[in-house]
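Features of the protein shown, as given by TrEMBL:
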- 15-33: transmembrane segment (TRANSMEM)
- 45-63: transmembrane segment (TRANSMEM)
- 69-93: transmembrane segment (TRANSMEM)
- 100-118: transmembrane segment (TRANSMEM)
- 138-161: transmembrane segment (TRANSMEM)
- 181-199: transmembrane segment (TRANSMEM)
- 205-223: transmembrane segment (TRANSMEM)
Amino acid sequence: MAGNVLAHITPPSKFGVSLMFLALATPILLVTLPTNRYLAGRYLAVKNWALAHFVHHIMLPLTPPMHKWAIYFTSIMTYLLLLNLMGLMPYIYAPTSNMLITLGLAIPATIATISLGMRTQPAHALAHLVPEGSPMPLVPFLILIETMSLLIRPLALGIRLAANLTAGHLLIKLLSSATKILISTLPLLALFTLTALTVMTLLELAVAVIQAYVFTLLLALYTQENV
């Protein structure tokens with residue numbers, strides 16, 4: 001039973017080859033580049049409007065020197081958003097529900113921000129390990145605690161994204177299975193589960209957007225601390 005419930009978050013395979021990389025590459029294929037050969041249609045207009053709002057909301061809590069990173073953070077958010085939304089479509093695997101993928105995105109990005117801070121301003125980066133005004137006897141323990149918090153950051157980023165999406169997908173799976181079973185025996189109860197399934201699907205659309213935004217915003221804040 002547990003295997004059947006978790007089957008939808010298992011990477012599919014065809015002829016013994018995992019389709020993980022195809023799922024990861026699909027959002028890149030969906031993004032169209034601007035060109036002078038045609039006028040902007042509805043799709044490009046909506047995409048440009050969405051990107052403008054993404055940039056505005058991501059850069060709003062950051063200082064002006066961080067605005068040069070707008071393309072980097074907007075690209076990450078757009079990629080995660082497309083992966084999250086793609087996972088809500090029928091018969092399509094969601095790579096961001098796999099912790100290996102989310103940790104593979106979070107760990108290198110976090111290590112890059114820490115390395116950048118240590119290279120550009122090492123004194124400022126090391127100063128974060130000891131809060132101002134700390135008693136000298138507690139300094140070694142504070143350094144250990146702050147170092148552990150830095151190591152936990154990428155784990156928290158990756159696990160939060162995967163756990164939230166997996167939980168929502170499991171609820172949708174359970175509600176859809178219950179609706180399929182009850183529709184022939186208890187139609188009224190099946191109508192209730194169908195309503196709950198519709199509401200849960202709309203909620204998952206919001207979760208897909210929010211989780212992509214939270215992942216990108218936290219990564220931007222971590223980068224700001226080091227830059």
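For all residues, glycine too, the Cβ spot is worked out from N, Cα and C.
Note that TrEMBL annotation is computational and uncurated.
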*With a Cβ cut-off under 8 Å, give me the same-chain residues at least six positions beyond the ends of the transmembrane segment (138-161) that come close to it.*
80, 96, 99, 102-107, 109-111, 114, 128-131, 211, 214-215, 218-219, 222
_How about the transmembrane segment (45-63) with the transmembrane segment (181-199) - do they touch, taking at least 3 C-beta pairs under 8 Å (6 or more apart in sequence) as contact?_
no
*Any contact between the transmembrane segment (69-93) and the transmembrane segment (205-223), i.e. 3 or more CB pairs below 8 Å with pairs at least 6 residues apart?*
yes
